[in-house]
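Residues annotated as domain 'G-protein coupled receptors family 1 profile' in TrEMBL: 41-290. Taken from TrEMBL, the feature transmembrane segment applies to 27-51, 146-168, 207-226, 238-261, 273-292.
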Amino acid sequence: MAEGNYSIVSEFVFLGLTEKPELQLPLFLLFLVIYIVTLLGNLGMVMLILFSPHLHIPMYFFLSNLSFIDLCQSSVIIPKMLEKFIIVKSVISFAECMAQFYLFDVFAVSECHMLAAMACDRYVAICNPLLYNVTMSYKVCSWMVAAVYSVGLICATGETVCLLRLLFCKAEDINHYFCDLLPLLEQSCSSTFINEVVALSFSSLNVIVPALNILSSYIFIMATILRIPSTEGRSKAFSTCSSHILAVAVFFGSLTFMYLQPSSVSSMDQGKVSSVFYTIVVPMLNPLIYSLRNKDVKVAFYKIVGRR
């Protein structure tokens, strides 16, 4: 494009999930309720684990960090999304958009690897129970969590730096409810080849590698569970994993649909629906899944309520 033939975009306008006026209020109320449940559920889970001594074990250490990630990710995305439902033109500055994308990327990548770390914890607990306290010591768990956040920061920094080198000079409208990578690339009038390569590489690293880690862990876990002679023992071992399997399936399923599909197959409207699952629904469901299906968490909750 010839120089001087374009103006640089300094702000973006979200088109949101839908532009139908009759759906704005119902969707606002729906996602407001989801956000409140997400905040209460995840903050409650963090506080419950913090103040319950019998939950101070590796499994719940990882779960508290997962709740923290979900709490932060939903707070990065949902408030601006709610704004679009109640005002006609939801505007975000270029700097705020880059900041939102960076924070979203940090927490999304961190969640992928946190789920993988939780699968490793379950593998050691079920397949090598006698070595569990040694293998999953507080020091080891702390290093694993630090590594999870480090990968999130490194990947988000790399993708954001690549975004900052682009010129955005097309229409300011973003066909999405937050500053995600693919709708931002559509607004660029620069070559996005490097961004697409980096995005595909990071998506493969942060989706396929943790997914394979989780899959291999659960293959060994299921083989071990099937060798347990008593039905009660098998049921107890499987119950500690079933919540994690459900959370992993929903999160990685929607993430794969969004980022690892060929562009010829996917559409932005399909992508918006898919992204609702891993940015909004999953952070709400995680504390419900892990609390409703977990006896230790329910016992800790009743103890605290009883003391109150």
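Glycine too: its Cβ is placed from the backbone N, Cα and C atoms.
Counting residues 6+ beyond its ends, the transmembrane segment (207-226) has Cβ neighbours under 8 Å at 112-113, 115-116, 119-120, 122-123, 126-127, 234, 237-238, 241, 245, 248, 252, 255-256, 259-260 in the same chain.
Among residues of the same chain six or more beyond the transmembrane segment (146-168), those with a C-beta under 8 A of the stretch's C-beta atoms are 6, 8-9, 12, 65, 94, 98, 101-103, 105-110, 113-114, 117, 181, 184-185, 187-190, 192, 194-195, 198-199, 202, 205-206. This prediction places the mean pLDDT of the domain 'G-protein coupled receptors family 1 profile' (41-290) at 87.
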